[in-house]
Every structure is written in C-alpha cells, then in structure tokens.
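Structure first, then comments.
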Amino acid sequence: MAKKRIAVIGSGASGLTCIKCCLEEGLEPVCFERSDDIGGLWRYQENPEKGRASIYKSVIINTSKEMMCFSDYPIPDHYPNFMHNSQVLEYFRMYAKEFGLLKYIQFKTTVCSVKKQPDFSTSGQWQVVTEHEGKQQVDVFDGVLVCTGHHTDPHLPLDSFPGIEKFKGKYFHSREYKNPVEFTGKRVIVIGIGNSGGDLAVEISHTAKQVFLSTRRGAWILNRVGKRGYPIDILLSSRITNYLSKICGSALKNRYMEKQLNQRFDHEMFGLKPKHSALGQHPTINDDLPNRIISGLVKVKGNVKEFTETAAIFEDGSREDDIDVVIFATGYSFAFPFLEDSVKVVQNKVSLYKKVFPPNLEKPTLAIIGLIQPLGAIMPISELQGRWATQVFKGLKKLPSQSEMMAEINKTREEMAKRYVDSQRHTIQGDYIDTMEEIADLVGVRPNLLSLAFTDPKLAFQLLVGPCTPVQYRLQGPGKWAGARKTILTTEDRIRKPLMTRVVERDSSGTSLVTVRVLMLAVTFLAVILAYF
C-alpha cells in the first residue's frame, strides 16, 4: 500500500516537529514554506515579511530550555536556560539536521488554497494549490497539518484611539519594531502591557528621553527567575503543584500567587495592579520593568482616550505633550484564508476539538497545530498535537462524534470565559500541564506514576515533584526513546551547567531543585491550612 501523503504548511517549530511525526508514523510529509528558510517566528529579519511572524533583535524566549525542547532531542546543556532568539533558531537547525527534515521542505512556496476533493466524504483527501516563482501547482494529499502559528497578522485597533489620524508623530504596530536606536532622545508611548509591550518599554527606555506605558487593565508581572535562581517555569510546572492547585481552588490560588508577585514589588504602588486576579489574564513576563519604573524611565499610564497632533490625553484626564512616537503592542489576529470555509475564525475564536481538529469534517484529515496560548512552552504541545494528529490520519486513533466534540468545545469555551477577562488575547488559552497530559493520554504516552512507584520509585518521584518536562512523554508507548529516563534524572545538571562559568566550590548544604520544591509544597500546604482553618 502506498504511503499516505501529508501536506505540512509552515516550517517553524510546529511544522518541523510535524514533519518528524509523519515520518515516525510511516507517512510521507511534504512541507510548504513561503520563505527561504526554516524557523518561523524565531528567525529574525531586519525587514518584516508580509504574512510571516516578526521579532525584534533582542528577544529572549520566555520559557526555559528544559520546558521548551522537543521530547527526544534535549537542548545542549551549555545553552542558557532562557535562550536568545538566535539560539532558538540554531536549536531548530540542529533538530532538522539530526532527523533529516530539510529534504521534505519546499521553500519559497506559498499555499494558495486547500479544498476538499469531490469525493472527500469517502476519501478524506484535499486538493492543495501552491505557488512557487509565479507558477501554480495542484497536488492531492491524504491529510493536512496547518502549522502557520498565530503571530502573523498584527491587530491594530486604530478605531479605538480617536485623533490618531491627526497625530503628527510616528505610529506603528510592535511587529515593525527592531531595535531602540531610532528612539534616542524621544518621548515614546507604548500601548499594551503584554510581553511585547513590556519588553519594548524596557528596551526603548535605555535610549529614549521618556517612555510611557499605557494599559487598559494593568497586569501582573512574572519574573523569569524564581526561588534560589531556578527558572520560574521549572518551579511552577510540576504534577504535584498542579494537583494541589486544583485542590486549593481558584480563589486561594489567586490569593497565593498575588502575594508572591507582590513580594517582589507592590503592583498597586507601581500603578500596575489590575482589577482581575493573577490567573485571570495571561501574566506578563518581564525581569526589568519594575527597575525601569522605579528609575522613572518608564511611567505607567492608563488607557489613551484620544490623541491630538502632538499629545496623548488619557482616560484619567492627564495629558502628555510632545509625543514623538506611539507603538501599538496590541497583539495579533489569526486566520486561515487558504482554508476557505473548512475552519472559520470569528474575532480570534475558532471551534477546534482539543484545539486541533475541526469538528464538522466528514473525515478527520485536517489538523491545526500550535494554535494555543499556554502559560508555558508551545513547542512540546505542538509536538504532542502532531503525534496525535498523525495517529488519527493513519487510522490508529478515532475521534468522537461531531455532537460530542462540539459539546466539549462549548464546555471549554465557557470555562475559559469564567476564568479569564474578555480579551482577544484569551481565545486560545490553555493550561500547560493539563493540555500535555490530556493529549499524551490520547497518544498513549502519559507516564503511569502508580506503576512506576513500584518499578522505578526514583523516577516516579521525579515525575511527581519535578518539572513536567516534554521528555517524560517518551518513556513509554509509541515513539518511546531509550534516553528518556536519564534525561529526566539529569534535568538539574543541565539547568546548572550554563551558569557554572566560574569554578566555585559547591556547598554541600546547598539547595537542590527537589529541596526547593519540597519547601514550596510545605508553604502551599500551610497556606491551605491558614485559609480554611
């Protein structure tokens, strides 16, 4: 029997791992990449390309290397825990080379349309029209994996800012920003306090005369560096922490988180405290913002009510004159124009079962990969989604009925609406551990902690209290990797390695990652006791 041919659209993080997932399942991938290289979002270019994600030169990833790597290919131990975008791209190049992925990619090829074949209800096949160097080609595929991301179309709500058309200074979306040199000596307003808004305000404040950071709601600011210097996602992303947070309930979780965040700096005093709870919005990750605020180089302001030719008037009645530049860090919209009616997106809302499969198709041969915004890394989620999708394409896994899928989609949407503030930013939100565990169950690779407690208690303990790293989903089941156990048990060694650039005698009483976790759990238990008794 001939191999099923699968179209993979995009060769960023999701696209690369999906090519590999196809190969693991004996499928034949053909990847279409509109640019001339891999990397997607993480390939920096001085001039942004239309239809392609764009980053600024200084971008550091917000998730640590142990949490963001692909499950069977750890990031080299000497790489920093939080990598510069150039190092992320280099990791992707190593991954592509290691698994021989490049030969399956057709560069400078744009996907024009993806349509059902006339016999789709029985064949599940798709007609894919592509264009390369001005010439169109039509191919038929047995499945399609859409890996185009959700950071390509800038959301620029100019209608919400009266007077912007009269403003004589420069204004643009944060997607166009590259470096702070051109803002030297200028007065700059950054609108939006997501990760990009915070980063830009901090970086520009090193050259600008004054930076104003405008926010509608405020934000809770999370540091990359946690207790004892461990990466914050390493400390927060464990199964035991996840179990306890469910037991404690949302009110106690939020109270505890807000107390921890305010110990670093008082969000109310700094003008950042929002009305929503700490977990009611995706937190902003920024290590330097409080330092720039307390130095007066960044001033936090409310929402802009209107612009004049040279000034901004805020909703509290205050005014800032002689504004030179306005940067809209207002996020992104996403769409799939080449899919026509197969996947409908309305105000950044889309109906996908488990955030992957459109529920209305007669055959489950189309999957959207990486369309999720977790408090954690997207790459390993994309990988698990790809592993699941290729199993479904191959017929190894089945999906529920359309009505069952829609019921779950609506239930998830209602839960997200209750938890998060109404925002374009929260339409594809998902919890990192819950999402990973859920899909791992579907793939058949979720570790059995109870069984391991008897056969390998050391490993079971690490899986329970240690960080929920991607490599844990290579311990058993399809795609099992022989190096998984050792990689899990040496996680702390790789965290420490890039920091040991000066030889220091290690204190035998020093605090290990496990000790830090036990202390955190003890504090959490105490918080529960105090809250309820």
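The chain as shown is numbered from 1 upward.
Using N, Cα and C of the backbone, Cβ positions are placed for all residues, glycine too.
Positions annotated as FAD binding site by Swiss-Prot: Gly10, Ser11, Gly12, Ala13, Ser14, Glu33, Leu41, Trp42, Asn62, Thr63. Long-range C-beta contacts of Leu41 (FAD binding site), restricted to its own chain and to partners at least six residues apart, with a cutoff below 8 Å, comprise Gly12, Ala13, Ala53, Ser54, Ile55, Gly149, His151. According to DSSP, Leu41 (FAD binding site) sits within a helical segment.
Among the features that Swiss-Prot reports, NADP(+) binding site is placed at Ser196, Gly197, Gly198, Asp199. The Cβ of Asp199 (NADP(+) binding site) lies under 8 Å from the Cβ of Tyr56, Ser58, Val59, Asn286, each of which sits 6+ residues away along the same chain.
Counting only same-chain residues six or more apart in sequence, the Cβ atoms lying under 8 angstroms from the Cβ of Arg5 (dimethylated arginine) belong to Leu27, Glu28, Pro29, Val30, Asp139, Val140, Phe141, Asp142, Gly143. In the three-state DSSP classification, Arg5 (dimethylated arginine) falls within a strand. Taken from Swiss-Prot, the feature dimethylated arginine applies to Arg5, supported by experimental evidence.
The phosphoserine annotation in Swiss-Prot covers Ser54 (among others). Mapped onto three states, the DSSP output places Ser54 (phosphoserine) in coil.
Positions annotated as phosphotyrosine by Swiss-Prot: Tyr56.
Here Swiss-Prot flags Ser58 (among others) as phosphoserine.
Spatially close to Thr284 (phosphothreonine) yet at least six residues away along the chain are Ile193, Gly194, Asn195, Gly197, Gly198, Ala219, Trp220, Ile221, Leu222, judged by Cβ distances under 8 angstroms. DSSP assigns Thr284 (phosphothreonine) to a strand in the three-state reduction. The annotation phosphothreonine is assigned in Swiss-Prot to Thr284.
Sequence annotations record features per position, and here Swiss-Prot assigns phosphoserine to Ser401 (among others). Reduced to three states, the DSSP call for Ser401 (phosphoserine) is coil. The Cβ neighbour count for Ser401 (phosphoserine), using a 10 Å radius over every protein chain in view, is 9.
The feature transmembrane segment is assigned by Swiss-Prot to 513-533, with sequence analysis given as support.
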Recorded positions: Ser14, Ser54, Ser58, Asn62, Ser196 - member with fewest neighbouring CB atoms within 10 Å:
Ser58
Near the NADP(+) site, what residues other than Ser196, Gly197, Gly198, Asp199 in the same chain have a C-beta no further than 8 Å from the centroid of the listed C-beta atoms?
Ser174, Val190, Gly192, Ile193, Gly194, Asn195, Leu200, Ala201, Val202, Thr284, Asn286, Ala329
Could you state the CA-to-CA distance between Ser196 (NADP(+) binding site) and Ser401 (phosphoserine) to the nearest Å?
40
